[in-house]
Amino acid sequence: MELSYRLFICLLLWGSTELCYPQPLRLLQGGTSHPETALQPVVVECQEATLVVTVSKDLFGTRKLIRAVDLTLGPEGCEPLVSTDTEDVVRFEVGLHECGNSMQVTDDALVYSTFLLHDPRPVGNLSIVRTNRAEIPIECRYPRRGNVSSQAILPTWLPFRTTVFSEEKLTFSLRLMEENWSTEKRTPTFHLGDVAHLQAEIHTGSHVPLRLFVDHCVATPTPDQNASPYHTIVDFHGCLVDGLTDASSAFQAPRPRPDTLQFTVDVFHFANDSRNMIYITCHLKVTLAEQDPDELNKACSFSKASNSWFPVEGPADICQCCSKGDCGTPSHARRQPHVVSLGSGSPARDRRHVTEEADVTVGPLIFLDRTGDHEMEQWALPADTSLLLLGTGLAVVALLTLTAVILVLTRRCRTASLPVSASE
């Protein structure tokens, strides 16, 4: 599936600026424009001989800032003016005949056409991006002016299933939750820029109190956790490394219970991959609740404010190894769960062998980025909604059938009464 979409903005100007958005713009003296509401994501000034384009770094309105290096103007890919990371906007200033802009002469206008391209690329050695590719056509007309509105397409995610591998008493689970963490998410649909709320749990039965840890998490386009491409979310025995880059992913502190661990992940899709499914596989493990967390059993998040790691519980120094990428013995990353004995030394026929570690997969998470994917959305309707639609359809068919029978019987009765009237 093509993971890109086109956001169309027509800019029809006469020596002034006017964005084609539902919000009206007031034209001021000097050929400038002023929105009546919030700052527009793209503002264009068609001047006498130059074209000035100002792009908000919050281009999609999701508070996920784009990078200036991912923006170009025109077929020749003109780069923006130099700006600092602290600025909220990216600016282009080019001549009307530069950057491969096209010119067309009509009966009543001189039309210059070009486009703004946002083409996100993975940061560093990562293989994921968190925003979509967008091509925004720009058009300047002289001397006419007008306004054409366009609404952005909102990419979405679609449903998921959960697969659990466990034995006997210990049951591991990984669920997608609502934002308030109170209930499981009923409609697993996301937009780029949203945050997925994941909750890992261990159901202990009659066992002694246990503490749950997420040792490793990896995202792949198939259920196979060893598939490629892949993106590591948690690594090094509990370091949430996804929060190191442009994401706000983090563990939630404090825990609701020792046997439950919650964390958030900024949603994403794989760059240059036609598959629109993402599976998240986490390796879960437990320790005794009374055991203090250490480098091998921890839950650490990265704080961009302090530029440091911090744990959900336990001393702060247990997270220092996250920066080094070495937290002791090799991680359980991308392998099957290990089975150990939690027996008490009783005779062999009474001993229990259960898993204190397990791989749990949540998926598929289906990412939609085109309005044409509504068929996928319909596939994700809840069971009760499908039954309601089926019942409504059957009721309509029954009503139409009953109406047809009544009409046929009425016509026959009228036909049978005609000879009697003639004899009289």
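Note: Cβ is positioned from N, Cα and C throughout, glycine not excepted.
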From CYS140, CYS217, CYS239, CYS413, partner that Swiss-Prot gives for the disulfide involving CYS300: CYS239
Swiss-Prot annotation, disulfide partner among CYS140, CYS282 for CYS217: CYS282
Per Swiss-Prot, cysteine bonded by disulfide to CYS46 (from CYS10, CYS78, CYS99, CYS140): CYS140
Selected residue, Swiss-Prot feature N-linked glycosylation site, from candidates ASN125, ASN226: ASN125
Assigned conformation of ASN180 (N-linked glycosylation site) - DSSP reduced to three states: coil
Intrachain C-beta neighbours of ASN180 (N-linked glycosylation site), sequence separation six or more, cut-off 8 angstroms: none
